Amino acid sequence: MTQDELKALVAQAAADYVLANVPEGAVLGVGTGSTANLFIDAMAPHKARFAGAVSSSEASTRRLQGHGFAVLDLNEVDTIPVYVDGADEIDDTGAMIKGGGGALTREKIVASVAGRFVCIADGSKLVDVLGAFPLPVEVVPMARAAVARQLAALGGQPRLRMTKEGQIYQTDNGNVILDVSGLRIGEPKTLEAQINDIPGVVTVGLFAKRGADVLLLGTEAGVQRRDF
């Protein structure tokens with residue numbers, strides 16, 4: 001199967017998981033990215049069963065609304081039973097690198113209030129040690145040089161994210177992203193705390209303190225489920 005076929009497989013598995021485990025009238029938490037988009041598409045026929053969804057990005061909001069979902073403000077929602085999102089990398093403890101799509105801060109916020117985080121990914125995303133995928137760090141624009149120096153002191157090689165048009169990439173929150181390569185992340189929780197403590201950092205794309213609870217992994221043999 002192609003990578004796109006594996007993504008579609010896990011997206012449908014996530015839809016099946018939600019339908020089996022989330023009560024009618026609940027609010028869904030929805031992530032960002034290509035696999036999350038396929039999950040949104042798979043849930044579209046069942047939208048009437050749910051009160052609505054909380055989205056982690058403007059892009060996902062547009063896709064949800066295009067399918068007729070009510071997209072709710074997180075401030076108006078008391079509980080989110082399940083948050084479904086992809087990952088750029090995930091290890092065997094459920095710790096993840098996320099943020100390749102630029103929505104790491106909102107993803108982390110929605111994940112933090114969800115009862116359960118269901119990660120959907122193809123088999124290429126499962127790794128022994130995090131860090132081959134450059135680690136995204138969202139930064140207040142005025143602090144980007146100062147933060148970059150501190151990330152370099154931690155052993156990383158930070159690079160300012162740019163658009164295809166050669167402009168500085170801007171998040172939905174109006175910030176910039178430093179993508180940090182060269183890190184071999186043996187202790188994700190420790191590094192997450194270290195980077196979050198740097199003044200000017202909004203958040204880091206390490207999801208270790210609040211990692212995945214369930215992984216639905218698309219493989220040639222089908223969807224594998226892992227619980228953490």
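Backbone N, Cα and C atoms are what each Cβ position is placed from, and that goes for glycine too.
Swiss-Prot annotates T32, G33, S34, T35, D85, G86, A87, D88, K98, G99, G100, G101 as substrate-binding residues; of K125, K164, the candidate listed for that same site is K125. Counting only same-chain residues six or more apart in sequence, the Cβ atoms lying under 8 angstroms from the Cβ of T32 (substrate binding site) belong to S55, S56, S57, A59, S60, D85, G101, G102, A103, R106, E107.
Taking the mean position of the Cβ atoms of T32, G33, S34, T35, D85, G86, A87, D88, K98, G99, G100, G101, K125 as the substrate site, the remaining residues of that chain whose Cβ falls within 8 Å of it are G31, A36, A121.
A strand conformation is recorded for D85 (substrate binding site) in the three-state DSSP classification.
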